[in-house]
Structures are given as structure tokens and as C-alpha cells.
Amino acid sequence: MKQGIDVVGLYVRDQDEALSFYVDKLGFRVHTDVGNGGYRWLTVQHPEQPSFQLGLFLPGPPVHDEATAQALRAIVAKGAMPPLVLTVADCRAAYAQMLAKGVEFTQEPVERYGTLDAGFRDPSGNGWKMIQGRG
Amino acid sequence: MSEAPVLQDPDLLRRLLRAKDRMDAASHEEWPVGRLAEVSGVSEAHFARSFKQAFGIPPHRYLLTRRIERAMALLRETDRSITDIAFDTGWASLGTFGRTFRDITGHSPSAVRSQGKQTVRELGAVPECIVSAARRPGLTTAVSEKRRQAANGTNRPEQTQESS
């Protein structure tokens, strides 16, 4: 693919925590991890989707003033950021695997509309839906 | 009316969200404040106050909206009896369910059932939790207050003080 969405960012409360969650528990891998002073650009990608990066970003300076950063941290912690959807080949198997690794599920796999879906949160509070692909 | 927003600690908010998630996952269960407070790791008094501050609604009322939402989905999407739906969504009696349902939605369960059936499949491409959230009844006033307003034909602003 030559054109399309390259990076979409998430706000997280702690980049090390987010990194270990997305890499160790979800099986993503690091695409870019570069820093300059207190600023760190960190993106991960799904191993089967190298054309897309998920940015794990920290609210704060130099991008945000402290009041804005505080508001963003609160919004993330309240689970109010937009939904994220992960497609998996086998929802029950992914659920069992992730649960064993300590992923915080908000919904166990449920059959709906001819497929299966489950829900989980990352440590920061970002909500994911995990839907089994229709093949 | 206007209160200065009080900043809440993100770590506390994250733990309050956990209690909200637990109600979301099992709204048919009983969720006394003590149980919720334990999930969030705070005292009962602190829980009720900080939950309302964080999510704009007392925990018990939030639970009611989830139960009604679930009942509405079951009315639309299944042919199960209204009595079964009432008990399965967490009410102890059919009477309480019917009354609360009407107070919150403005319709009886059977009216919602007959109106809603044809729209079920249209939103199939949207994750079910999002559809449910979009259909969740707003409940910015206490149910008792809503009843009073309906009886008086008035539309007063939300109470700022109330116990949950």
C-alpha cells in the first residue's frame, strides 16, 4: 500500500507500562522508539500489519500545557477516548492467551451477529473491542 | 450553578473506571456501594462522591441506565417474555421494572418492543457496545425527581444535591 493512514496515536499514562502491555501481552512489536530530553516518540505495530503504527504518546509538554495534559490524563483514565478495535482470527483463543498474561478484560467473548467479540482495556484505560474476523 | 471543576487524580479515576466496567459487565448483579468501593480500592463514602464527580451520575443511577438499556435491547432483539427480561436484568419485581422503565424511557416495555424490532440489524457493522451506549437512556435526574416533574408538568433543572 502506497497511500493511507500511517500512524494513529493513543494517549497513555506511562510509556514503559504501555510498551510492555502492547508488546509482552498483546504481541505487538516496537516500530520506533526515539527520545529527546523528556520527549519520547514511541510507536508499535501489529506483526501482521506492518503498514500501520500505533503511537503510544504521553500527554504533556512540549505538546500540551500542564492543565491540558491533566485533562487528557483524566479523560484517558475515565475510559472516555474513542473505541479501538482489534481483529483476531480466534477470539476465544486470543482471550485465553491474553487473560493468562493478565490483560484486564471488560467482557469475555460473546457471540453476536454471527461472530465473537470480547472487550479489554490497556493499563491506561483505553478500551479495546476484540472481534473475530469473518474469515 | 457553575462549580469550578475539581481535578481528580488519574490513578483514582482509572480505579473508578474499573468499578464502572464491572457494573457494565454484570449490570444484573447487585452492586451495593461497598462492593463497588472494594473494586476501586477506596472507602464507601469516598467512592460515591468521587464516582459522581468523575462520571456525572451517582453509581446506583448509572447502574439503572445500564439495566434499562439491556432490557431495551432484549425487548427489541428477542421474543422473551417481559417478566423474564425484568428478572434477568436485575429487578426483584416486575412492578418495579415496569415503573422504572416507564419513568426513564417514557414508554412501557411492550411499546418499546413493538417499536424497535425493525431497526435491529441496521447497525450490525458497529460494535455492539457502542450501539448500546448510543441507545442508553439519559438519566440526569433522579428517577423520583423525574416522576415528580412528570406529575407537575414542569421541567426543573437537575438537582445538585442528592444522595445516591
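Each residue, glycine too, has its Cβ placed from N, Cα and C.
Taken verbatim from TrEMBL:
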DOMAIN    B:17-115  domain 'HTH araC/xylS-type'
REGION    B:137-164  region 'Disordered'
COMPBIAS  B:151-164  compositional bias 'Polar residues'
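Helix, strand and coil counts under DSSP for the domain 'HTH araC/xylS-type' (B:17-115) come to 74 helix, 0 strand, 25 coil. For the domain 'HTH araC/xylS-type' (B:17-115), the model's pLDDT averages out at 94.
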